[in-house]
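*Asks:* One structure, pasted below without further comment.
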Amino acid sequence: MSSSVAGPDCCGGLGNIDFRQADLYVMTRLLGYVDISDPRFVAAVLAITFNPLFWNVVARWEQKTRKLSRAFRSPYLACYSLGCAILLLNFLRSHCFTQAMLSQPKMESLDNPVAYCVGLALLGVGTVFVLSSFFALGFTGTFLGDYFGILKEARVTTFPFNLLDNPMYWGSTANYLGWAIMHASPAGLLLTVVVALIYVVAVLYEEPFTAEIYRQKASQSHKRS
């Protein structure tokens, strides 16, 4: 049974807290550690932004022209080549991310064993999502094979796709977040925000186009039957 008489409400209650000011305080404090004009930080932002732009532009160009498939005389070889290029670009992105973190100061409140273990756990979870997504989709499914005409018979619904959409993207984001926390790096945390935002834009750009590819496939199969 609750009492109808309440004691004094310290600070006026949660309803009087301006959460916008709290968010601004956190962002201001984070930016206080980060030199966004540092060349290594700029290089990391450019690498993070360029990668999805590159693979989406090339994949859509291939889907419309089939020039890569003709150049390699096989859609599979063309897809493998694009996949290898994406992997190399991702290694470069991770290198730039790490160099940007190491070039800037640490945050004292994150530089402790508990935060390190949290970061390590996030890195582990992210790696599980990335690898399990790759094994579920295969190489061509992971690296835009549907734009090369290499289509799957049905939507993948096994782990981790039964837990969330686009698990490879969010697994990659968790990896960067964990890596940043392990290094107690405000620059890494800010770059992780950039990674997440770029992936959100990529999903909004990719999903309707991919859905249209499979809609056309279903329509053609229906006509043949």
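Cβ from N, Cα, C; glycine included.
Automatic, uncurated: that is what TrEMBL annotation is.
This is the feature table in TrEMBL:
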TOPO_DOM  1-38  topological domain 'Lumenal'
INTRAMEM  39-59  intramembrane segment
TRANSMEM  41-61  transmembrane segment
TOPO_DOM  60-71  topological domain 'Lumenal'
TOPO_DOM  93-119  topological domain 'Cytoplasmic'
TRANSMEM  113-137  transmembrane segment
BINDING   Gly124, Val125, Gly126, Glu206, Glu207  S-adenosyl-L-methionine binding site
TOPO_DOM  141-183  topological domain 'Lumenal'
TRANSMEM  176-205  transmembrane segment
TOPO_DOM  205-225  topological domain 'Cytoplasmic'
*Asks:* Return the single residue from the binding-site residues list (Gly124, Gly126) that has the minimum number of other CB atoms within 10 Å.
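*Replies:* If we count Cβ atoms within 10 Å for the binding-site residues Gly124, Gly126, the smallest count is at Gly124.
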*Asks:* Can you tell which of Val125, Glu206, Glu207 has the most other C-beta atoms within 10 Å, given these are the binding-site residues?
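*Replies:* Selected residue: Glu206.
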*Asks:* Please report, as numbers and ranges, the same-chain residues at least 6 past the borders of the transmembrane segment (176-205) whose CB is under 8 Å from any CB of it.
*Replies:* 30-31, 33-34, 36, 41, 44-45, 48-49, 52, 56, 97-98, 100-108, 110-111, 115-116, 118-126, 165-166, 169-170
*Asks:* On the DSSP side of things, how many residues of the topological domain 'Lumenal' (141-183) fall into helix, strand and coil, could you say?
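*Replies:* DSSP classes over the topological domain 'Lumenal' (141-183) add up to 22 helix, 0 strand, 21 coil.
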*Asks:* Treating G and I as helix alongside H, and B as strand alongside E, what does DSSP give for the topological domain 'Cytoplasmic' (93-119) in helix, strand and coil?
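*Replies:* Helix/strand/coil tally for the topological domain 'Cytoplasmic' (93-119): 20 helix, 0 strand, 7 coil.
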